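J.: Below: one structure in structure tokens.
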Amino acid sequence: MSKQFDVVVIGGGPGGYIAAIRAAQLGFKVACIDEWKNDKGGPAPGGTCTNVGCIPSKALLQSSEHFEQAAHHFGDHGISLDNLQIDVAKMVGRKNTVVKQNNDGILYLFKKNKVTFFHGRGSFAKAVEGGYEINVAGAAADTLVAKQVILATGSNARALPGAPFDEEKILSNDGALRIGAVPAKLGVIGSGVIGLEMGSVWRRLGSEVTILEAMPGFLAAADEGVAKEALKAFTKQGLKFEFGVKIASVDAAGDGVAIAYTNAKGEEVTLAVDKLIVSIGRVPNTIGLNPEAVGLKLDERGAIVVDDECKTNLPGVWAVGDVVRGPMLAHKAEEEGVAVAERIAGQHGHVNFATIPWVIYTSPEIAWVGRTEQQLKAEGVAYKAGQFPFMANGRARALGDTTGFVKFLACAKTDEILGVHIVGPFASELIAEAVLAMEFKASAEDIARVCHAHPSLSEATKEAALAVDKRTLNF
Ligand code: FAD
């Protein structure tokens, strides 16, 4: 006898588990199926984000930042240390504990919200009257029938052609988060968010890190001014970059990895490293979902085709997160999950793509929302810009972290905020004010007139808003 549910969610990452909780809050009988296994074969819901993405990378970034502070900056505070060491096994163990706390937290939330969890792989069996039959294979093998299905099956790391991940020497994000000892030489292919974050972790701990990038420039998606400032800071820290490279081959047959490439000048170069992280993007994942059984439409990239409301081509089947179009970000997946659950309940779920924040958790951190200066120029939008450096912010000086700035872009006519770009300390936290302001269609003047606590980094945001009208007070 199959088990009947109002809503079955396949995938327990940020898109799926949040959709399941919201649907349960709205009174539906909900199941969530997720196949991720922990080291002991048990359930580990939370998806890429919790297991091999956002959370573990931030745990390692934190540990390595402490090490970097102790090694290079404690002296400024009059703190001296002898014989500073990093115990990589302990650092990775702490990261694993943080991951487990998050896995357990999600299982607790399922119980609290009466979401039935199935540990295993979910796949379409067939369409049935009023819904879909879904098979669960694995630990919790079962057959479910759902009136509505939400697909949140995420994405996988893209491998370089001819260089499959072995997770020993050629690493995806998964292997990059499990390196057991500081590699003397680390190569990274791809200077996007993941490459920069992982490269920073191991550079801080002592690796010589070389990042190879196919694009001619750095961080094309970011505001040009921010990208320039960040590149200057990363280079000063010792990260080595090569742009405009064409990878010819990756050979992991010997002790380490040899990467042969043509550089921007057309010269043929071979880079020898101990380990190589390949971070060249991610591929939408529908492995094992059996979309053919019900005629679910995928695009040429393998993403599930959805409309603006996350509806697929099948009635009652929705898809959210990395497996559909749009930025591959956990908070985008969550927002879509909530919106879909609310739409199923007949409400007006909404996701504002124009105000999705982007964050890179390097040091300095990089964060932005809205359009960049180069985008506004290309679109012919008349705008005003205002910028304020952390160098002129008292809290940043007290922290000893004065790299970077906050930059506002506002409409020349109406003063509405069109974009906010931050490079510097705690940019990841500071950006929330800008997101809120843009969501409420605030003007730069609105922010300029809000009282910000002193001394705080957020005063740099207020000052950047004042700078739009050329009236900074502290610079
Ligand atoms: P996922 O998190 O990938 O979850 C999908 C889940 O579905 C997985 O558990 C998978 O096992 C399961 N699944 C798939 N198919 C089936 C099936 N047939 N049956 C059962 N289960 C199935 N984003 C940010 O916003 N901030 C960050 O700081 C950040 N850092 C990142 C760092 C790294 C190293 C990486 C790799 C990614 C990072 N991301 C970050 C991106 C973020 O992880 C993803 O955008 C997010 O996880 C997408 O959520 P999702 O729910 O769509 O998919």
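The backbone N, Cα and C atoms fix where each Cβ goes, glycine too.
Curation does not apply to TrEMBL; its annotations are automatic.
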J.: Gly27, Gly122, Gly295: which one does TrEMBL list with Lys58, Thr153, Gly154, Ser155, Asp322, Met328, Leu329, Ala330, His331 for the FAD site?
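T.: For FAD, TrEMBL names Lys58, Thr153, Gly154, Ser155, Asp322, Met328, Leu329, Ala330, His331; of Gly27, Gly122, Gly295, the listed one is Gly122.
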J.: Among Gly120, Gly281, Gly288, find me the residue TrEMBL lists at the same NAD(+) site as Gly190, Ser191, Gly192, Val193, Ile194, Gly195, Leu196, Glu197, Glu213.
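T.: Checking Gly120, Gly281, Gly288 against TrEMBL: the NAD(+) site match is Gly281.
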J.: Among Cys32, Cys49, which cysteine is annotated in TrEMBL as forming a disulphide with Cys54?
T.: Cys49
J.: Far apart in sequence but close in space: which same-chain residues, 6 or more away, have a Cβ under 8 Å from Glu213 (NAD(+) binding site)?
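T.: Counting only residues 6 or more apart in sequence, the Cβ neighbours of Glu213 (NAD(+) binding site) under 8 Å are Ile189, Gly190, Ser191, Phe241, Glu242, Phe243, Gly244, Val245.
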J.: Which recorded positions from the set Cys54, Ala330, His454 come near ligand 1, judged by a Cβ under 6 Å from any of its atoms?
T.: Cys54, Ala330
J.: Which of Gly190, Gly192 (the binding-site residues) has the most other Cβ atoms within 10 Å?
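T.: Selected residue: Gly190.
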J.: May I ask for the distance between His454 (active site, proton acceptor) and Cys49 (disulfide bond), taken between their Cα atoms and rounded to an integer number of Å?
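T.: Counting only the Cα atoms, the answer is 35 Å.
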J.: Determine how many residues of the domain 'Pyridine nucleotide-disulphide oxidoreductase dimerisation' (356-465) DSSP places in helix, in strand and in coil.
T.: 42 helix, 33 strand, 35 coil
